[in-house]
Amino acid sequence: MRIGVVGLGYVGLVTAAVLADKGYEVVGVDVDERKVEGLNCGRVPIYEPGLKELLTRSQGRLTFTTDYSRLSDVDVAFIAVSTPTVNGRISLDYVLSASRSLKVLGKDSVIAVKSTVIPGTARKVRELSGREVVSNPEFLKEGSAIRDTTNPDRIVIGGEAQWAMDLVEKVWSFTNSPVIRTTWEEAEMIKYASNSFLAVKISFINEIANLCERLNCDVNVVAKAMGLDPRISPHFLRAGLGYGGSCFPKDTKAFLSFSEDLGEPLRIVGAAIQVNEERPLRAVRMLEEVMGELRDRVVCILGLAFKPNTDDTRESVGLKIASLLKEKGVRVIGYDPMARTESVEQVSTKEECIARAEGVIVATEWEEFKGIEDLLKEKYVVDGRRILDLSKLKRFRAVGYGRMTEGRSP
Ligand SMILES: NC(=O)c1ccc[n+]([C@@H]2O[C@H](COP(=O)([O-])OP(=O)(O)OC[C@H]3O[C@@H](n4cnc5c(N)ncnc54)[C@H](O)[C@@H]3O)[C@@H](O)[C@H]2O)c1
Ligand SMILES: O=c1ccn([C@@H]2O[C@H](COP(=O)(O)OP(=O)(O)O[C@H]3O[C@H](CO)[C@@H](O)[C@H](O)[C@H]3O)[C@@H](O)[C@H]2O)c(=O)[nH]1
C-alpha cells in the first residue's frame, strides 16, 4: 500500500516514519521547503526519542517533497497539518488548504484526517477535496510518540463509507490495538473530549495542591491514595505548574469556544483553563514568598521544554514564568537538556545555571534534575514539579506541599 502524509511536524513525521518502518511506501509532503530539504539531507527537524534512528532505518521507503502531485497514486493520504487556536477559536486554514491541494489524489484514494479538528470538519474536507474522508484522530504524546503510534491504546476510525474505513483500518492492522468505528463527528468529539478530560484532571489535582499548601498536607500523598482507586487511576494526577504543550492549551480553548457556539458551554473545561492559566503566576509568588523582592536578582529556570523528553517549547510553563519574572525586573537564565529558545538566556549545563542564580525554579521534570539537592542547598528553590527530596533543602516552596518543618518554608 502507498501512503501519503501531509504536514511533517511532530505527528506527521512520526506517522510517516512508523508506517515506512512497517513496510509501506510513504511520501511526506510539507509546504516548508527548508524542512523538506533538510529531511532529504538526513536532518531531523525535531527531537523525539528514536525518531532519527527510525528515519535512517526506513530510508528508501520514505521520500519527502513539497510537490503534492507526488501523492497522485497513494491509497491513503493522512492530513497532519497544524490546527492552531487563534483568538480562542480553532483555525482550520491549514487543514482546508491541504484538502484543496489533495484534489491531486486518485478517485479511489482516501483522506484520513489526523489533525485535531472540531466536529464537522471531516465533512468539509470531503467537500473541498472531492475524495472519501475518514476521521482518524491522533492520540500520541510527545516524548513517547513512536511507541504510542506503534502501539496505540485505541484507533478511532470515523466515517461514512465502509470501504474507506476498511482501508484506513488496514493501514493500522500491524498494531493489534482496539479499533472503534464511529461517525465523523463522534471521532472528532472523542479527540477533544479526551484531551479536555485529561486537562480537567490536571487542573483538578492542581487545585487540590493549592489546598494542601494551606494545610499540613502533601498533595503527592493525597494523589497516590486517590489513584489507587481504579475508577480514578493514577495517571494525569501529577500536581505541578500546569499543562503546556502544543495540544491541551489550544485544544481546550478551541473546544470551549466551539461548545459556546453551540449554546452548550463546557463550564468545567472553562474552569480547567482558568486554573491552568494561574499556575505560572503562582510559581512566581512562591518564589517571592521564599526569596522576597525579586528585582535585579538572578533566577534560574530548570526546564524550558513543556515537558521532559522533547525539545518542544510551545506553551511551555518555564517560558511563561521567565517572561513574568522579566516583567518584575528579574535577570532570568535557563537550562534545558534539549529545548533551544531565543526568549531566555540559556546556559549549557544545569550546574552553571544553578551556580549563577540565587533562586531556582524547577519547571520541567527532566530525569537529570532528579537528585540535584546538593547543588541547591544554598539556593531559594521552587519545586514546581515535585521531583526533589525536600528534606534535603533549606529554603524552598513546593507545589502542593504544606508540611511544616521547623526552620523551613513555608
Ligand atoms: N504534537 C502532538 O503531540 C499532537 C498529538 C496529537 C494530535 N496533534 C494534532 O496534529 C496536528 C499536527 O500537530 P503537530 O504538532 O505535528 O504540528 P506541527 O506544527 O509540528 O507540524 C505541522 C506541519 O504542517 C505543515 N503544513 C502546514 N500547512 C500545510 C499544508 N497546507 N500542506 C502541507 N504541509 C503543511 C507545517 O509546515 C508543519 O511542518 C494538529 O492538529 C495537532 O493538534 C498533535
Ligand atoms: O499528571 C500530569 C500529566 C501531565 N501534565 C502536563 O500536561 C502537559 C501535557 O502532557 P502530555 O499529555 O504528556 O503531553 P502531550 O504530548 O501534549 O500529549 C497530549 O496532547 C496530545 C495532542 O493532542 C495528545 O495526543 C495526547 O494524548 C495528550 O496526552 C505537560 O505540560 C505536562 O507537564 C501535568 O501537569 N500533570
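Cβ atoms are placed via backbone N, Cα and C, with glycine included.
Marked as NAD(+) binding site by TrEMBL: D30, K35, T83, T116, E142, K250, R314. Residues annotated as substrate binding site in TrEMBL: F139, L140, K141, E142, K191, F236, L237, R238, A239, G240, G244, K307. As annotated by TrEMBL, active site, nucleophile applies to C247. The domain 'UDP-glucose/GDP-mannose dehydrogenase C-terminal' feature in TrEMBL is assigned to 300-390.
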Among K141, L237, A239, G244, which are recorded as binding-site residues, the nearest neighbour of K250 (NAD(+) binding site) by Cα: G244
Candidates near ligand 1 among the binding-site residues E142, K191, L237, judged by a Cβ under 6 angstroms: E142
Alpha-carbon distance [G244 (substrate binding site); R314 (NAD(+) binding site)] in Å: 7
Binding-site residues whose CB lies under 6 angstroms from ligand 2, from F139, E142, A239, G244, K250: F139, E142, G244
Least buried by Cβ count (within 10 Å) of the binding-site residues D30, E142: D30
Residues near K35 (NAD(+) binding site) in space but at least six apart in sequence (CB under 8 A): L8, P45
Local Cβ density at G244 (substrate binding site) - other Cβ atoms counted within 10 Å: 25
Distance from D30 (NAD(+) binding site) back to A239 (substrate binding site), taken between C-alpha atoms, in Å: 37
For T116 (NAD(+) binding site), the one of K191, L237, G244 that lies nearest, given that the binding-site residues are compared by Cα: K191
Among K141, K250 [binding-site residues], residue with fewest other Cβ within 10 Å: K141
Spatial neighbours, same chain, of F139 (substrate binding site) - Cβ under 8 Å, 6+ residues apart: D148, P152, D153, R154, K191, S194
For NAD(+), whose listed binding residues are D30, K35, T83, T116, E142, K250, R314, the greatest C-alpha pairwise distance in Å: 24
Under 8 Å by Cβ from the residue listed as 'active site, nucleophile', counting only residues of that chain that are 6 or more apart: T116, N195
